[in-house]
């Protein structure tokens, strides 16, 4: 039953949707409520002034209060009640809006009634019920009734308020009570096989734990150390993980433990943790390690009970340790965990494989040889599949898609022979160590070699082995491990005993939390399905990206024998053009699109030297299989590119499109490509040939294409910068007390600078989004001095400052270095480093190659689908024009034609085609050549926490506060102090 509730002085409303949270804030502002407090758990968790009254599971809170009947001064500001001339006070209405990380309980069904003396104003945004009442529904679904009467009688302002009672002094005393006086203690461990990026994960857990006010311990030697205890459980300090970002393997060790598999071993581990006061554990490992961790958690209460019975502890001593909090992170080069796109170390291992196979290709071509390359992957073929795509292998053997018993030999021969006949000089076959046929017989590298020898090929075997685990982590794995490590600590602090153990994963570009038990269970089902010979189920349990890429590989490589040719009427002419500055993976994407087109009967055309080449020469080249066969690992652009855009001569471009009868266009490029797509789309009214489907694959090192969070070439750029800055940092550390100011590219987009700063542990990052001024430089100087003051000439103490090339017209890289040098008073030295066009990279990274292949095939399918939507009669002119005239009226033969000019975009966990018209109007900053959304701002915040800048600033602020007795300010990132102020005003403006 819905009741009307009067006189509500305080109300708390919750939502798990950030969009609804903002809409609700705007709604109550429109009713006259004013924001009196904003709280963000990520930024303000340790601010004693802001944390008072906030709820434990709030991600954000906005406190709103109504002061509609208060006296205002000449500026329109509310006069404090004690200073008001009328000595009247309002009843006061407070609303607390909360953004929570779990789905909130249903809100009350009751209608809350508020009084107003401005009912006419309220009626403009609500529904008039009668002369005295207006009904509204807030974005969270709560019904609000606003009235100017009581019992049918209209009230005036004086009747809403009461005389101030001077004999009663309202006093609110808020005390901060630490309900649990002990510090939260978190342990972190690595277990199972090592993988690149584990050290970055440990570093993130250690430093974010310290930042959030926790004690943190490292468990050395995995579960073995957990059982042994003592020196194997070591408290970690900030400096202990300095320099770990660039280290391979795991510096805290890993080992498989037979003892932990026994209950007595787990009981001993429980005892060791309680001895140290630890009740939270971050486990970085594979499915076996994570299964053991969850079993440990489920047994924990009974283990504690047994320890009390054994007399090891008293009831009082274990009172605070009744539950163990477990958070899992997947560290595995196999990438075999269900529910997550990639695991820590997988892309680094893939990069090693690609490097080795690229080297092998050179000698194989020289001698016209075949190579069989064995890669890791006992129950998972991710490395086998991705390396097959990235290295242009002729054939792959993976466990999820077993080869047909007794038949795979002939198919392998046919594929390799066909590719030789097309002009290929070498053959590469990738064999996962867990490869088998559909009768569960293992397929070994030796067996594959014997088949190729029968074909008459000089064949060699290369088993890569533990090379795949070696080396430092690539940029992707450092980024993944860092973000997941911080999120693991935040998960621990937000968890209750009832919360299921989470597993930190990633979907496309978004870090997610999944139920650990369910993820491990799904992972083990893959091996069970293979054992049961249910290979369709096995591959279906992999993520959609895996299935999609496997299908693409088969289409472009194994089944390029004419079996997939479409009917003549469905075969298309598809143009491919590169626009803008060169970036890695342009050739890899062109290769994948070409091979997919050829396998289906389409004719791919390369527009050479960009749109200016088409305008000036009209040169178009039809691409063949042998033209693109070895483009998978070539940087730059084989068909030529420049910064010319379509608008230079639309008429000539339309002529050549019509002349070559193009049915679709794939543009690869950065902002120039983006602009060209918009120009072609806008030219449709004048040039009907542009009605063909057109799509853009974002490809630029700057990653500044609006609408998407990923561009081809940006990963290669970041890997180049990681190698460069690692070398620079080593030099800075060797010299002791040295700072390098490194200038990176990116135009007006700070993505490259922010990402580089995060994965290299930079002290400061200057980006165009956060303006540089003297104040920020002074604060950075104070931080550098403070940082070096505590260092006693240890190793790994070199510092990096990352500056985007467009961060400031005044404060250039050289000027920044000069200012820091001048103010350092010889406490430390400063040098500059500008990598320049080295950032474009040479050989494209494995990640860029794989994503290039995926995007390219998606774009060809996009063009196919839009051509199928053409309902024109079998008339060539109508088919090309995509419209005809019926009784003098122009009628389009393709519905929603505007959607056929689109950009392939990655947003969070989603890949989609976004119409260029929508992105241009809603998501583009045309003047600054980038998107409006700064999706990488979190990198700066996390980077500041892990580099120590946030903690040092907090310390300096505290000292200043003690000296001046001023209240502390919110903890905001240093390099965005001035912008944070304006950003706060801007944020408020959204709600007011």
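Each Cβ is built from the backbone N, Cα and C atoms, and glycine gets one as well.
Taken straight from Swiss-Prot:
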- 334: active site, proton acceptor (ACT_SITE)
- 193, 256, 257, 286, 287, 288, 289: ATP binding site (BINDING)
- 332, 333, 334, 376, 377, 378, 433, 466, 467, 468, 469: beta-D-fructose 6-phosphate 1 binding site (BINDING)
- 369, 460: beta-D-fructose 6-phosphate 2 binding site (BINDING)
- 643, 700-704, 745-747, 805, 837-840, 929: beta-D-fructose 2,6-bisphosphate 1 binding site (BINDING)
- 738, 831: beta-D-fructose 2,6-bisphosphate 2 binding site (BINDING)
- 1-558: region 'N-terminal catalytic PFK domain 1' (REGION)
- 559-572: region 'Interdomain linker' (REGION)
- 573-992: region 'C-terminal regulatory PFK domain 2' (REGION)
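It is 32 Å from the Cα atom of residue 286 (ATP binding site) to that of residue 703 (beta-D-fructose 2,6-bisphosphate 1 binding site). Once the Cα atoms of 193, 256, 257, 286, 287, 288, 289, the listed binders of ATP, are compared pairwise, the greatest separation found is 15 Å.
In the three-state DSSP reading, residue 738 (beta-D-fructose 2,6-bisphosphate 2 binding site) counts as strand. Taking the centroid of the Cβ atoms of 193, 256, 257, 286, 287, 288, 289 as the ATP site, the other same-chain residues with Cβ within 8 Å of it are 191, 192, 222, 285, 292. Counting other CB atoms no more than 10 Å from each candidate's CB, the binding-site residues 257, 332 peak at 332. All protein chains considered, the CB of residue 286 (ATP binding site) has 22 other CB atoms within 10 Å. Within the set of binding-site residues 193, 289, 837, 839, the entry lying nearest in space to residue 433 (beta-D-fructose 6-phosphate 1 binding site) is 193 (CA atoms). Comparing Cβ neighbour counts within 10 Å across the binding-site residues 469, 643, 831, 837, the minimum falls on 837. Across the structure, residue 287 (ATP binding site) and residue 332 (beta-D-fructose 6-phosphate 1 binding site) place their CA atoms 9 angstrom apart. Ranked by CA distance from residue 837 (beta-D-fructose 2,6-bisphosphate 1 binding site), the binding-site residues 256, 288, 460 have 460 at the top as the closest. When the alpha carbons of residue 745 (beta-D-fructose 2,6-bisphosphate 1 binding site) and residue 738 (beta-D-fructose 2,6-bisphosphate 2 binding site) are compared, the span between them is 23 angstrom. Sequence-distant contacts (6 or more apart, same chain, Cβ under 8 Å) of residue 929 (beta-D-fructose 2,6-bisphosphate 1 binding site) comprise 671, 704, 747, 748, 749. Here the binding-site residues are 377, 747, and the one whose Cβ sees the fewest other Cβ atoms within 10 Å is 747. Local packing around the Cβ, expressed as the count of other Cβ atoms within 10 angstroms, is greatest for 193 among the binding-site residues 193, 288.
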